[in-house]
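A short write-up of the structure that comes next.
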């Protein structure tokens, strides 16, 4: 039984014959077939094109078509199913004509039976299926043939002309198939290959096959293709070769890759053999797989003797073990591992320092295949580094010595000028001369410090030490210094603090002061007319930090655009700055690097400034930088008046009120003389010792209250003397203050002094006030400053209620700057400005940061109102 219902198209104009066909079909297994019957050729062909049928039965002679016309239709029919002709004619010639015209089968109607019909249907269905498979197979073969990645073709064995070729062959050579077929195959080979091809073809005719012969084809554009030729023979019935089956494999890219690979291998080998570094390859067990000549020199044998062996076969056991352990480190780490190791070359017994890098080599699956090692001789670099370090140490020693040698006489100069400036008997002209000497000494000290600072920055020895700083009083000090200089030159100094500037911050005040004074000093120095300005802007950034922007602007000569790139380089002075003899040209370079060390942004310059110059003003410059610093909330507000700089005397806190005994130890007479005069001027009793060996003896004799001891270079013996004093039972209580010119240069010197029994360290040159204040920490005394004034009592002003004043006093005592400002403003606006005059005095104290003076002013005027002269003063 058929698997599916057949669909049959029957074209028959005789109803009886159609019925006969249907009756015989009913007797077969195809009785359920769908039969579509048409009586004319025209309608039948229309149905054939419109529908799908498994079989076509057609009468040869139809009412609308003669036999000849029907045969012509068969030849052009191209039916999609088997075509079987039914005919009343029974001659053999007719049947042959029908088959030749394209019919698949022909059956005389006189022979039609159910059995024959069944066989006819089955045979034609099966044959049609085989025919379709054959067509598909041929199409598949054709596709494979023409779309093969390799070039395929056939060549006549006698004429050597191309019989056939695939599309790949044509496309590769740049021809059409029609242009290739029937031409001699040698037309497509490079002329240089003709002889080789003829030899290969002779081998083919002799052996019947050729495999993997390298030849060269030539494209139509003249370019060359490298190919591998494979040929097999097609023979006739008598075994004679009639043509070839040829395959050309394009190996042009492969040949190019092989050529490139060969080149790279040669290059790598050349590099490996000529590189001055040691280069070796080991497996995971440490067995050498390859090495370069430098390794041969190291081990003293040839590569052929090294390969297959381990380090244990060549060098002493401990070193071999160390090499093996480092190989394993790279394998375990799975990445490159670097070491420095000393090794001795066998060829000349030279000991060298090797910088080695061992890198694991991996298979595609990630497993370690071995270790590639590189060893570079860094002996010269090591020795150069040693020399550089030695030179650096020598430079440091020189700077330490020269610092001491320069600062020692400066200490005497600045010390005596401070003493003379307190001498009220000098004339104005003499005072002016002393001030000139003092300023010149300070300028020389700044120059020395600049050179030392740039040296420390370059060597990475400059330290940033953060401490609590009160911005307002800190900036007020700087303002006072610069304001004096601007007044001397007739310049206007403008100063402003805006935004959110906190009461206290954490910053290196020394370095920040150094940067600001340098920028402001330059502004004054290079401005002849107009103004200098310091603007500080604060902006909270959250997380208890504030971003401070510092701007220094002047109306001076400005800096040309082409010079702005080099102005921050050491020892560079440009433009108008070349005409000023003062300075080293280091200030801006140091300032820029100090800003970076403090964690700030770049020190930036704008010149000319944005503001258009007027009158005699120049284009000017504006330098600015930013610092983000922590805010300290539990800070103590400093109430010190920055103008209280001169100590005039001291008061003993002991009941006896005796004068304090000071023992000065210094081998330089001028240093001792300066200290003696400074100390005696405020009431200390001074004893001097020149020889350090007599210190203990002098202490026993004098029983001083404090020791001031100079630290020479080297300071080792003096440090030991401090320990010796502390070891004496009767002397251990005496505080020892070290005086050193190196305390700001030598790292750890302060700690060394403290570790050797010293109580404190003062850097030279020092201010007398600073020395006295440090001494006051260790002695039972209270210092008296020059310039401390009684608070003003104002008779022409009205004071607010005591409650309001108490609130203001509380704000001042806790250091609430914003609160103080708001409270003063509030008092000014109370009762329609009734307390305006009183507020003016409060505002003056506040603006000058004289908080102690403000408290004393309030207390004094309260006392006036209460007529109580014994009213407690706020100190």
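Just so it is clear, glycine is given a Cβ too, placed from its N, Cα and C backbone atoms.
Per TrEMBL, the features are:
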- 7-124: domain 'Response regulatory' (DOMAIN)
- 137-208: domain 'PAS' (DOMAIN)
- 211-263: domain 'PAC' (DOMAIN)
- 264-334: domain 'PAS' (DOMAIN)
- 338-390: domain 'PAC' (DOMAIN)
- 401-631: domain 'Histidine kinase' (DOMAIN)
- 661-779: domain 'Response regulatory' (DOMAIN)
- 59: 4-aspartylphosphate (MOD_RES)
- 710: 4-aspartylphosphate (MOD_RES)
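DSSP assigns residue 710 (4-aspartylphosphate) to a strand segment in the three-state reduction. Sequence-distant neighbours of residue 59 (4-aspartylphosphate) (same chain, six or more apart, CB under 8 Å from its CB) are 11, 12, 13, 14, 17, 85, 86, 87, listed in sequence order.
Cβ neighbours of residue 710 (4-aspartylphosphate) (same chain, under 8 Å, six or more residues apart in sequence): 665, 666, 667, 668, 671, 718, 738, 739, 740. Residue counts for the domain 'Response regulatory' (7-124) under DSSP (helix as H, G, I; strand as E, B; rest coil) come to 54 helix, 26 strand, 38 coil. Note: the domain 'PAC' (338-390) comprises 12 helix, 29 strand, 12 coil (DSSP; helix = H, G, I, strand = E, B). DSSP places the residues of the domain 'PAS' (264-334) in helix, strand and coil in these numbers: 42 helix, 10 strand, 19 coil.
Across the domain 'PAC' (211-263), DSSP classifies residues as 12 helix, 30 strand, 11 coil.
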